[in-house]
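Okay, structure first, notes after.
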Amino acid sequence: IAKEVAKLLEMKAQLGEDEGKHKFVLKTPKGTRDYGPKQMAIRERAFNAIISSFKRHGAEVIDTPVFELKETLTGKYGEDSKLIYDLKDQGGELLSLRYDLTVPFARYLAMNKITNIKRYHIAKVYRRDNPAMTRGRYREFYQCDFDIAGQFDPMIPDAECLKIVHEILSDLQLGDFVIKVNDRRILDGMFAVCGVPDSKFRTICSSVDKLDKVPWEEVRSEMVGEKGLSPEAADHIGEYVQLHGGLELIERLLQDAQLSQNKLAKEGLGDMKLLFEYLTLFGITGKISFDLSLARGLDYYTGVIFEAVLLHQENEHVEEPVSVGSVAGGGRYDGLVGMFDPKGRKVPCVGVSIGIERIFSILEQRLEASEEKIRTTETQVLVASAQKKLLEERLKLISELWDAGIKAEMLYKKNPKLLNQLQYCEDTGIPLVAIVGEQELKDGVVKLRIVATREEVNVRRESLVEEIRIRTNQ
């Protein structure tokens with residue numbers, strides 16, 4: 001150690017001579033990270049599960065620019081607008097990095113006069129936040145969005161969005177989860193009957209939205225202390241937001257003397273009842289909870305809102321499972337497209353966003369714990385040789401395999417040792433080795449070795465492609 005320290009000190013002294021130069025730090029920017037081959041392999045698994053669900057439900061795919069005109073994004077996100085990344089003025093346009101995929105989608109619909117589409121969009125979005133990266137929160141991250149735009153009968157598309165969330169979370173096997181559902185109209189109606197002035201709806205809404213992270217007492221003191229709400233109104237809200245349940249709760253609230261008098265709340269509760277009937281037909285109500293504390297801070301929601309949270313049992317004795325955090329969210333936003341349309345034409349929309357980063361950090365931790373070996377390539381076969389001077393033959397064979405669509409590799413050495421070639425397969429998980437040797441060339445065969453069992457078979461050169469396909473499909 002002393003020797004190494006002396007060496008490092010000497011290097012430092014040499015570097016010290018360049019004191020005038022700026023020291024260059026090698027790191028990724030705050031709130032971002034690199035993904036190595038292992039992480040990308042896990043990510044691809046998750047993306048594949050999500051995309052196959054979106055496609056199963058008939059969605060088309062679109063893409064939009066990573067930055068938008070600043071005015072496109074302004075005023076769409078409520079209190080979160082301060083997290084938008086603005087870019088320096090380049091060429092006379094004020095631009096911002098996209099904050100989510102929903103506002104660009106609404107702009108795309110209005111601009112192209114589209115009134116009917118079911119689409120998904122998977123891309124990176126940007127938030128000027130100070131996030132907790134350990135919990136899968138970043139400044140640059142992927143969103144996976146599925147949206148249904150168009151005029152349809154109530155709650156049918158909304159129910160399908162919830163079915164998709166249920167499908168994806170079940171498919172990824174992340175553990176127990178619950179999908180909380182509420183409606184913006186029920187919230188607004190509730191605020192009205194509790195005596196919240198219209199002008200304070202949105203700001204009180206964003207306080208209620210914090211209930212999954214902080215206790216009611218803190219939320220109440222924020223409403224009263226910071227936002228100037230009367231203590232009576234806050235207590236009245238408190239009675240409602242602590243309720244959650246299913247159809248029986250909806251029925252009970254429809255009978256609620258005050259709520260049932262409010263037009264908005266009554267509409268919202270009527271639709272919620274319909275939604276639960278459809279979800280019963282889909283057979284997923286076991287994982288759905290109608291939750292009056294769910295508020296989702298974004299300004300553009302107009303109807304149903306939902307959020308999926310993972311639950312983890314700390315131990316057997318806990319009555320209430322603890323929430324790990326949101327892994328999907330969404331809702332209905334009927335007014336957003338109209339904001340962009342010069343004539344204010346509305347296109348009703350409902351959509352869901354899957355929080356791939358949170359899901360990914362859970363999958364990553366789980367794989368680390370299980371010590372399962374992850375393959376980072378899909379190579380089916382390594383082309384190897386047992387004797388020297390066979391590089392040309394290896395190149396000829398690997399080219400035949402590539403042209404036939406087989407995923408193949410070889411070592412970049414003229415005369416590699418057979419042992420090294422076999423070891424490479426062990427290390428990278430390549431299942432097969434195609435060995436060319438002088439005798440095999442004379443006989444018109446290739447020796448195919450199965451790495452796992454070390455069994456070897458001679459295969460006619462013309463049947464090799466088929467044989468590799470059969471063995472790697474199994």
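Quick reminder: no glycine exception, Cβ is built from N, Cα and C everywhere.
Features of the protein shown, as given by TrEMBL:
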| type | residues | note |
| --- | --- | --- |
| BINDING | Asp100, Leu101, Thr102, Arg127, Gln143, Asp147, Arg296, Tyr300, Tyr301 | L-histidine binding site |
| DOMAIN | 31-363 | domain 'Aminoacyl-transfer RNA synthetases class-II family profile' |
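Here the Cβ of Tyr301 (L-histidine binding site) has 26 other Cβ atoms within 10 Å, regardless of which shown protein chain they belong to.
For the domain 'Aminoacyl-transfer RNA synthetases class-II family profile' (31-363), the model's pLDDT averages out at 89. Neighbour counts were taken as the number of other C-beta atoms within 10 angstroms of each residue's C-beta; across the binding-site residues Thr102, Gln143, the minimum falls on Gln143.
Counted over every protein chain shown, other Cβ atoms within 10 Å are most numerous around Arg296 among the binding-site residues Asp100, Arg296.
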